[in-house]
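Working notes, beginning with the structure itself.
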2 protein chains.
Amino acid sequence: MSVTTPAGFRAAGVTAGLKTSGRPDLALVVNDGPLAVAAGVFTSNRVVAAPVVWSRTAVGDGVARAVVLNSGGANACTGPEGFADTHRTAEYTGAALRVDAGDVLVCSTGLIGERLPMDTLLAGVHDAAARLTSDGGADAATAIMTTDTVSKTSHVQGDGWSVGGMAKGAGMLAPGLATMLVVITTDAVIDAARADAALREATGTTFDRVDSDGCMSTNDTVLLLASGASGVEPAPGQLEAALTQVSADLARQLVADAEGASHDIAVTVSGATSETAAVAVARAVTRSNLFKAAVFGNDPNWGRVLAAVGTVPEDVAPYDPLTLDVSINGVQVCRAGGVGEDRTLVDLAADREVQVLVELHAGEASATVWTNDLTHDYVHENSAYSS
Amino acid sequence: MSVTTPAGFRAAGVTAGLKTSGRPDLALVVNDGPLAVAAGVFTSNRVVAAPVVWSRTAVGDGVARAVVLNSGGANACTGPEGFADTHRTAEYTGAALRVDAGDVLVCSTGLIGERLPMDTLLAGVHDAAARLTSDGGADAATAIMTTDTVSKTSHVQGDGWSVGGMAKGAGMLAPGLATMLVVITTDAVIDAARADAALREATGTTFDRVDSDGCMSTNDTVLLLASGASGVEPAPGQLEAALTQVSADLARQLVADAEGASHDIAVTVSGATSETAAVAVARAVTRSNLFKAAVFGNDPNWGRVLAAVGTVPEDVAPYDPLTLDVSINGVQVCRAGGVGEDRTLVDLAADREVQVLVELHAGEASATVWTNDLTHDYVHENSAYSS
């Protein structure tokens, strides 16, 4: 399942010993071809981890044959020595798989500011390379978990080809998680240009629209590998749709497992002058600590929604504050910028999922951004973090 | 003390009955002249409460003779009826004081989206007008409290003149609090232009640089009233310095009383190419929930500082990520973008105040933004808010 659902891929997940918990912490995904097409999307943070610097360059030629991922350490803010560690990981993995080091992508997740224990990590790579199987996707998905409580995988079956994926991440989403790592595979026949365009299209409306706590990671990475093993080239739009579907599924799973959350909140903004405007307004609401704390308390506090909407500059999202409508779980609690239906009609305690709809009455565009509530457990987990 | 320290002012604070707690909830500050100079700075939120709409217009001519402030209800998102309530409050107060309604400024704080009980409020105005005294400043400061645990006042003595002030607010700061209301008085002889310029200068480096939880209120208001009763015109810069000192003192008191906080965090960014760049970087750090939660856990998690610094676009704040230094309480835990001194040398548990210094090594400018840690109590207070 997962990344090994499409033909042409093997994977493994092992316990290298990077985590003090003794849980699996090293994953390997190998593309056996015949194609070795790859694309990547990375955090837009200017402070990036060594594996992001490496992988961004390595995937630049549209070719990759393997991805090695570790939890138990982010290898971020580790200076030139940290980059040398990533480089050595790629070299070692390449040698073990008999592929060029430049075709090995590296992802790391865990604490920032600490060097990885390289002997432990490389022994794990050795072990994983020996255990690669065509049904190792589930093990790989487990080995990349940090504070995740469940592993996340997805797949979509196309017409003679398929797309599979795995993801980890539970905290920082902005587009980044603490850390979001995603590997998506397909056995469809596509070239590097199509892979890159399809991946950017898919992430732009899925992973980029999840904003758990407004924090952007130094390590976020979404990779796409295409083996071509199906021999089938999907019709225009088909691969793109499947990739978006897998991305949306994985993104939704990330929200559902966000650190300490008790509610998943979908903020939909409609009636915007553009999709960009709709996203900007939705993101402002998803970043309101006050609104998110209110949802934790099952309080449909629409005033805090309006206060957040009002922070978006007029040149970004034109609207008239006196025409704003807000519905929460289908109850229009705010009408024309003022009091609407009785807020006590909203029952937030009944479901984990909360639907917030903001109608701007300014245009035709809409967008949805997902977030979570702000809870005691979020504060607890992030004030006492250890991977 | 407080707003009645300067000559020419009377104030009162009474219990009108707007709060279910039975605590004081209505304040009146009157300028008996001879001057009636006034200036105001208001929230930059596009969604603003009725009293902000009223007061912004009323102070536009640089003249005001009284401010009426209520807690127990924000009168925000209350539509045309809410504006009529504010208008009526100004009319009633003006009649009680025998001044023009257009010279009465109105401030409200409390829950959003509910009408004020006008009979109760106006009876409170009547009562307050009868109790005005030249030492009523302390009572007024108490009557504007919501979730504040202490009242906030300040004053600075000039050469024959003085500046006094009161503030309330404990949650939203961005520049806004949940809600920040500030009234500053002076008996110095100044004209409206100097009052306006001095107030903007003072708020720009004080209240605007407090960011408790990234949320911006619909009601934030800072007012300056000048009576001229001292007969002294301060030399250039003197009034401005005193006003900034009072503003800084009140802003620091707001941080110290922020909802649920256990740490006050001063984020100073130095080596920036401009003050604007320094503020942008500092603000990014003060808005990192992950860093703020770490401070709550007494964890000097500098990686989260760097991750926040990295979110500021390069055109806003140029710097090289590989030269960043971060010190926490004087210990340089991050050097040149990597590991610095031993983080265990930082003791965050010893003091409420935490000093974070980010050195960008890109220029000569610096700025400090204050925030608080993200705590269980913040989540609790904001998930079960009632004024």
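Placed from the backbone N, Cα and C atoms, the Cβ positions cover glycine too.
Curation does not apply to TrEMBL; its annotations are automatic.
Quick caveat, the model's predicted, so the values are computed rather than measured.
Taken verbatim from TrEMBL:
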type	residues	note
ACT_SITE	B:Thr179	active site, nucleophile
BINDING	B:Thr146, B:Lys168, B:Thr179, B:Glu259, B:Asn382, B:Ser387	substrate binding site
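Recorded features from TrEMBL, shown on the structure.
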residue	record	Cβ within 10 Å
B:Thr146	substrate binding site	26
B:Lys168	substrate binding site	30
B:Thr179	active site, nucleophile	30
B:Glu259	substrate binding site	27
B:Asn382	substrate binding site	28
Quick check: in three-state DSSP terms, what is B:Glu259 (substrate binding site)?
coil
Which ones, of the recorded positions B:Thr146, B:Lys168, B:Thr179, B:Glu259, are Cβ-proximal to chain A (under 8 Å)?
none
To the nearest whole angstrom, what is the C-alpha distance linking B:Glu259 (substrate binding site) and B:Thr179 (active site, nucleophile)?
12
Going by DSSP, is the residue listed as 'active site, nucleophile' part of a helix, a strand, or coil?
coil
Expressed to the nearest Å, what is the distance separating B:Asn382 (substrate binding site) and B:Thr179 (active site, nucleophile) at their Cα atoms?
13
Between the Cα atoms of B:Thr179 (active site, nucleophile) and B:Thr146 (substrate binding site), find the distance and write it as a whole number of Å.
9
